[in-house]
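Everything below concerns the one structure shown next.
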Amino acid sequence: MGRIGKKAMAIALVSAVMVTPLNVCATVENQEQQQVTQGAEDIAVIDDAQETVAADEAQADEAAAITVEGRETAEESSASIPEGILMEKNNVDIAEGQGYSLDQEAGAKYVKAMTQGTIILSYKSTSENGIQSLFSVGNSTAGNQDRHFHIYITNSGGIGIELRNTDGVFNYTLDRPASVRALYKGERVFNTVALKADAANKQCRLFANGELLATLDKDAFKFISDITGVDNVTLGGTKRQGKIAYPFGGTIGDIKVYSNALSDEELIQATGVTTYGENIFYAGDVTESNYFRIPSLLTLSTGTVISAADARYGGTHDSKSKINIAFAKSTDGGNTWSEPTLPLKFDDYIAKNIDWPRDSVGKNVQIQGSASYIDPVLLEDKLTKRIFLFADLMPAGIGSSNASVGSGFKEVNGKKYLKLRWHKDAGRAYDYTIREKGVIYNDATNQPTEFRVDGEYNLYQHDTNLTCKQYDYNFSGNNLIESKTDVDVNMNIFYKNSVFKAFPTNYLAMRYSDDEGASWSDLDIVSSFKPEVSKFLVVGPGIGKQISTGENAGRLLVPLYSKSSAELGFMYSDDHGDNWTYVEADNLTGGATAEAQIVEMPDGSLKTYLRTGSNCIAEVTSIDGGETWSDRVPLQGISTTSYGTQLSVINYSQPIDGKPAIILSSPNATNGRKNGKIWIGLVNDTGNTGIDKYSVEWKYSYAVDTPQMGYSYSCLAELPDGQVGLLYEKYDSWSRNELHLKDILKFEKYSISELTGQASGN
């Protein structure tokens, strides 16, 4: 079975068990208040409608009469609704605020009386309104503004439905943020969406662009026939008290309304006629994870393209959680990808597909006891063809926020060893160390014990491997239950039930592969250099860098950040990764997340671009191979939030406009992780010396999507054919409203002509 076939099957399997109630109590107005949008027109329409609620007695009497008549008409029609397609319409252009009536279409009376069914439509929006109704059915008379059904989109990529018969009767909502696209390759594009209202299963499901997005289960199932006084079917808006609310502008390519509930497989196929980007890692793949974050993408000197990402099992939460590192590769320039593997993983908690709740309480729940890996970095030594995979290693129940101060190592006779605590020892004494050949020593006696660890830090007593019970995790309401199973797994020093326990701080983990990821070395903990005053020292996710020219040619570098005597730092190796040296790049102690990426200038000097807590990206320069760094210089023309976002920057191998070039990817907004841009910077030799020898002219910028669309962590790579590969999070990963979204890690390709063709100078 091909990769696409396996993905479709995986989606179908995950769909079969997906039960995710979302925002059941929230009206569209509530959702609008949660968004930062440009929808002032929408709000004005809603306010006008609410003011009209205070209608006089005559208007109320008239509305009541129409309501009774509408109910009788609906009851008569519902008894005779035919099977199959009730309505079909194609190529409808809609001016914003005008709407388009379908009341005269054949089948409209049946649509008004639907007790269940399926609605499939394609659209292209040219509007920036915050909320835009694509299709609606409702009661448009005075005093009945809360009696309607509609399918809507938001200008931040969300899709949803609202089914209301005034809040006192019923109000059902279902939505999924970051689900649809507005702009692709510089053009406004069509999306295909679908709603299935399934009375037999008491369930509504939303689909878009080949993916099942969200499910709402309601024992008291309702649909259009349950709305009192339905009098209109409308495209491009919702008629509320005689006015068009939630106006859409653009084109409805086609709409089909069915009286029956089509299958999930049919709707995945029907909506899959429009897709943008590819999921290298996706819910239901062999990793058994539903959620992926933190992209890494690298083209090797052989032309193979490799990728890595966090496979997050406990929703999209950071550590502490259960997180493994997924890896995949492409041997045809990113056209197809291998099945993922998990070169960095722990087994203390089961790996399984579980839908994490997104309600206001459940979305905050985290797995408490698992060990985890987080934030991959890929790097190739082009001289040896060896690839390295780095990540932060977090022992059981540890994340950056609760990591203990210290390195986790102890110096014995001038050498540093990983220190351990015997689980029965009183207090917090770490009186044991892992010495040569993995043997555990009692430091008080300086004698070996009968215990040792293997290359994965699994424990042995004499020659018998020790085991512990694996944990499972399941929800009971909004409570997460973590419980032991009957499954035995190898006992590991990073697990909570180990007899020897590692110090509860973060570590830097490394593996290498000499066969492009087919097999991997033993696990190496390389962070013995972590300062003892440091709470955490972690990688800047993305890729590392090898210097290609100058006196430091061949040196390997990986960006790091910390919260002790420096925010930004680096580790480097001059012996092909056998040994690593840590250097601090500043003396800042504010604790800003200084995630950084490195590029090389023509003479072998380095520039690093980093996330800051100052609404900007900063640049620092090194002329000694990364051992010392200049002060930070804010990058002009790119704005970020106060908390910042990881960025990606790479060298491009060919001149652009006759000059060396670098390419950078980042959000460009101060009010959220959104408005993703790709910039091309031309490198100029200033004629100066030292750190001022080169300047970068950010000549071109390219919009990945429209300004309100989410865009978070990203990684760029120059592909073998010269195109630029982009692996990125197509959502706002900081927003609490966008937690725990599936299949938001997208891979796309862009040519240099595309990136320069529409761009404007900064």
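Backbone N, Cα and C atoms are what each Cβ position is placed from, and that goes for glycine too.
Noted in Swiss-Prot for the protein shown:
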- 1-27: signal peptide (SIGNAL)
- R293, R611, R673: substrate binding site (BINDING)
- D318: active site, proton acceptor (ACT_SITE)
- 328-339: repeat 'BNR 1' (REPEAT)
- 511-522: repeat 'BNR 2' (REPEAT)
- 571-582: repeat 'BNR 3' (REPEAT)
- E595: active site (ACT_SITE)
- 620-631: repeat 'BNR 4' (REPEAT)
- Y713: active site, nucleophile (ACT_SITE)
Fewest other Cβ within 10 angstroms of its own Cβ, chosen from the active-site residues D318, E595: D318
Within 10 angstroms of R611 (substrate binding site), Cα basis - active-site residues out of D318, E595, Y713: E595
Which same-chain residues, if any, lie at least 6 apart from Y713 (active site, nucleophile) yet have Cβ under 8 Å of it: R293, I294, P295, P541, T645, Q646, Y728, E729, S733
Remote residues contacting the repeat 'BNR 1' (328-339) - C-beta distance under 8 A, at least 6 residues beyond either end: 3, 6, 278, 280-281, 285-286, 303-308, 516-517, 719-721, 723, 725, 747, 749
Residues flanking the substrate site, with Cβ no more than 8 Å from the Cβ centroid of R293, R611, R673 and excluding those residues themselves: E595, T645, Q646, P667, S712, Y713, E729, S733, W734
Local backbone state of R611 (substrate binding site), from DSSP in three classes: strand
Between the residue listed as 'active site, proton acceptor' and E595 (active site): CA-CA distance (Å): 15
Overall pLDDT of the repeat 'BNR 1' (328-339), taken as the mean: 99
CB contacts for R611 (substrate binding site) [other CB atoms within 10 A, all chains]: 27
Residues that sit under 8 angstroms from R673 (substrate binding site) by C-beta distance, when 6+ apart in the chain: T641, T645, P667, G710, Y711, S712, Y731, D732, S733, W734, S735
